[in-house]
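Database features (TrEMBL):
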| type | residues | note |
| --- | --- | --- |
| DOMAIN | B:66-277 | domain 'ABC transmembrane type-1' |
| TRANSMEM | B:12-36 | transmembrane segment |
| TRANSMEM | B:70-90 | transmembrane segment |
| TRANSMEM | B:102-123 | transmembrane segment |
| TRANSMEM | B:151-175 | transmembrane segment |
| TRANSMEM | B:196-218 | transmembrane segment |
| TRANSMEM | B:256-278 | transmembrane segment |
């Protein structure tokens, strides 16, 4: 694994994503999700909403890193709140 | 009888997932690791956090080539998709003509990318190329090596020459799959040619057009070889697209960290746009 040049932050990042995917798989097996329409103008399943919130979280982070000098905790907090909103009402 | 719904069949996808993990996910994770470090060699690397991202997002070179890339992909889609549909509509449907036109259309797709670049590099030259020389003889001042507008025109023309066939072949197969009953019904209703196209052919072409738009978008957004061989990104930087800027940074200057950050941003943009195209084009199917 040495060639992959791991660092602690990136390991935590990928572990979190991995845990999310495993968690979603178990959740889906226990109770399969039903597609529905929330405030996003699309019919989405649980996995769709996770994808949408993760992708938008990436762009939220890029916007904060590129155009402001705020600490990374600010976009991270916004992204987590955004993820919860999308998963619940998206 | 309704069968019980189960998601367990998804586990059969695991072998493919492992293959994709090996060829795409692990390399992508490595690029993420590179993008947050300053790497000198395998043992000398320093964690720099988001510094490369900050630098890249404020790099005028990257922003310029991103704008150029959007212009190029937009132009490619705006020309090739309607042109491909038009060609498919005009192709003969039976007899030797259809076979001949299929072969002719397939030829550009068989030419390797760097050969396409070389063909056009010579073909469009103002001094010895047939195309460039003919234009200049007609009194048009054309030189793709010196004039950015001419360079853009040549790169676009080359891409249209190379890839319109793909859209045309996809549309042709889509058109052949429409049952004759639809056309008979249209004749009974005395539908105009435009109405047949708008209400029968275009809706039936939707699935192949989705593939066509996605393929052409992703391919044109990642274009590297052809403009690199044809213009080398010039004159100046006028035809330097994203992948060429990235290659210059990663291999030319060996700036692995910034190049990693650049790759991740590039990947996210492609992911977002492909998802948007796919969602917008399949949105009404689910209803």
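Here the Cβ of each residue, glycine as well, is placed from N, Cα and C on the backbone.
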Interface check, the transmembrane segment (B:70-90) with the transmembrane segment (B:256-278), three or more C-beta pairs under 8 A: no
Same-chain residue ranges lying at least 6 outside the transmembrane segment (B:151-175) that approach it to Cβ under 8 Å: 72, 75-76, 79-81, 83-85, 87-89, 91, 102, 105-109, 111, 116-117, 120, 124, 144-145, 201, 204-205, 207-209, 211-212, 215-216, 219-220, 223, 226-227, 230-231, 234-235, 238-239
Positions whose Cβ lies under 8 angstroms from the transmembrane segment (B:256-278), at least six residues beyond its ends: 28, 31-39, 48, 52-53, 55-57, 62, 66, 210, 213-214, 217-218, 221-222, 242-243, 245-246, 249-250
Chain residues in Cβ proximity to the transmembrane segment (B:102-123) (below 8 Å; excluding those fewer than six residues from its ends, i.e. six or more beyond): 87, 91, 129-132, 154, 157-158, 161-163, 165-166, 168-169, 172, 225-230
Same-chain residues near the transmembrane segment (B:12-36), Cβ under 8 Å, at least 6 residues beyond its ends: 47-50, 52-53, 256-257, 259-261, 263-264, 267
